[in-house]
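The next block holds one structure in the form of structure tokens; read it before the comments.
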Amino acid sequence: MARECCADQAIVKWCGSGVLIQLPEADQGLLGSGELRLRDARAAGCSKVSPRRWLNLQEYQSKKLMQDSGVTVQRFFVADTASEALEAAKRLKVKEIVLKAQILAGGRGKGVFDSGLKGGVHLTKEPAAVGELAGKMLGFNLTTKQTPKEGVKVKTVMVAEALDISRETYFAILMDRSCNGPVMVGSPQGGVDIEEVAATTPELIFKEVIDIFEGVRDDQALRMAANLGFKGPLEKQAADQIKRLYELFLKVDATQVEVNPLGETPEGQVVCFDAKINFDDNAEFRQKAVFAMDDTTESDPLETEAAKYDLKYIGLDGNIACFVNGAGLAMATCDIIDLHGGKPANFLDLGGGVKENQVYVAFKLLTADPKVEAILVNIFGGIVNCAIIANGITKACRELELKVPLVVRLEGTNVQEAKRILSESGLPITSASDLDDAAKKAVAAIAKK
């Protein structure tokens with residue numbers, strides 16, 4: 001399933017085979033059709049490019065929101081110390097307990113702590129063991145396939161009732177641009193990578209388009225429950241959970257609510273065992289309580305600082321810093337730098353309504369990265385006034401005493417004035433005629449050093 005969004009002048013389409021970018025007309029000459037596929041994200045140095053559009057919560061926070069909306073989840077407590085974890089285990093009074101380290105990265109179960117403990121998820125029948133295990137988790141770094149090499153420090157654990165699962169399914173509600181609204185997606189094969197299911201057995205993926213005015217109808221909920229394989233009284237129970245999940249989706253302004261697995265217990269109960277909720281940051285003004293839960297301690301400090309100024313910054317592993325307006329153009333810039341033998345040091349989207357101070361802050365962020373050996377500015381001014389960018393660039397160059405080569409490509413609104421500002425600045429700025437020329441010059445600037 002492809003998803004499409006408009007990023008200033010570029011159209012970005014996400015699909016199974018990669019990212020397809022429809023560039024502005026001014027840049028189509030170098031590509032012919034005007035379409036550019038991010039060939040191999042890792043090779044392009046863009047393996048981490050996923051603009052930080054949504055707020056992600058810890059597992060226990062998502063479960064608390066679900067619980068408050070009447071969705072069935074395991075009984076659980078949250079602990080910040082080993083003694084609190086032990087007390088929580090005793091309070092549960094259950095046959096078996098599951099202890100989970102709370103970090104945002106996936107792959108916790110197979111992770112390793114620097115305390116020597118293996119696995120961020122443990123099952124035990126002894127409350128005393130919970131306290132002992134928590135003592136080897138809390139305050140220690142957990143390294144998984146998705147964390148940095150040094151891992152992420154665990155500050156919280158979730159102590160929950162362990163339930164047997166007789167069958168696992170997958171269920172999600174997400175915003176789908178092609179359907180102009182929310183869509184339910186489900187599969188009777190849950191607990192596994194849903195992309196793998198879609199690729200190998202697409203007939204097991206079921207979809208229901210939701211009318212935003214009507215909401216989830218009873219017949220839709222029951223049909224989805226049946227397609228997920230729930231039978232008898234469990235079908236109605238699953239349909240009720242589906243409707244409650246949609247109510248949550250609307251209530252918190254979510255862009256996605258994904259439950260994997262939505263499970264069935266031997267006792268005949270439908271339970272949401274694990275969930276991921278993404279939120280639209282445009283709704284922050286009316287979702288204060290939700291956004292107050294945001295924990296930025298796992299984020300890159302530069303990304304956190306950039307967000308304060310409405311800049312979308314994501315650090316990469318290369319040495320050519322990218323300063324671009326629009327997510328699509330930013331990804332195209334990363335791709336073309338790679339095409340000419342360079343490696344992008346970051347993804348930086350200035351957005352539309354850029355102010356001079358944002359340009360200065362952006363340069364400050366870029367130069368704070370010790371890996372950066374050159375900066376490429378690529379601006380296509382539709383909403384953006386190129387003269388504002390030019391003034392910001394000259395101010396930043398002077399005040400920050402820029403020490404690395406700077407290549408600037410500007411096109412669009414007030415571009416002649418912008419070029420005049422740069423040429424009369426007396427600063428060592430290399431101008432480029434188009435994106436292809438800019439990328440070549442940035443890569444060449446590093447080769448000369």
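Our numbering is plain: 1 for the first residue shown, then up by one each step along the chain.
Keep in mind that glycine also has a Cβ here, set from the backbone N, Cα and C atoms.
All TrEMBL annotations are machine predictions without curation.
According to TrEMBL, the feature domain 'ATP-grasp fold succinyl-CoA synthetase-type' maps to 56-263.
Per TrEMBL, GTP binding site is recorded for Gln74, Gly107, Arg108, Gly109, Leu163. Sequence-distant contacts of Arg108 (GTP binding site), defined as residues of its own chain at least six apart whose C-beta falls under 8 angstroms from its C-beta, comprise Lys100, Ala101, Gly119, Gly120, Val121, Leu142, Thr144.
Summarising the annotation, TrEMBL assigns site 'Important for substrate specificity' to Glu96 (among others). If you draw a 10 Å sphere around the CB of Glu96 (site 'Important for substrate specificity'), it holds 13 other CB atoms from the protein chains shown.
When other Cβ atoms within 10 Å of the Cβ of Asp164 (site 'Important for substrate specificity') are tallied across all protein chains shown, the result is 11. Annotation comment: TrEMBL describes Asp164 (among others) as site 'Important for substrate specificity'.
As annotated by TrEMBL, Mg(2+) binding site applies to Asn260, Asp274. Spatially close to Asn260 (Mg(2+) binding site) yet at least six residues away along the chain are Tyr170, Phe171, Ala172, Gly190, Gly191, Ile194, Asp274, Ala275, Lys276, judged by Cβ distances under 8 angstroms.
What TrEMBL records for 324-443 is domain 'ATP-citrate synthase/succinyl-CoA ligase C-terminal'.
The substrate binding site annotation in TrEMBL covers Asn325, Gly382, Ile383, Val384.
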Notebook entry, point to check: Between Glu96 (site 'Important for substrate specificity') and Gly109 (GTP binding site), what is the CA-CA distance rounded to a whole number of Å?
Noted result: 17
Checklist line | Rounded to the nearest Å - Cα separation of Asp164 (site 'Important for substrate specificity') and Val384 (substrate binding site) | finding: 56
Check: Within 10 Å of the Cβ of Gly382 (substrate binding site), how many other Cβ atoms can be counted across all chains shown?
Finding: 13
Checklist line | the domain 'ATP-grasp fold succinyl-CoA synthetase-type' (56-263) [mean pLDDT, rounded to integer] | finding: 95
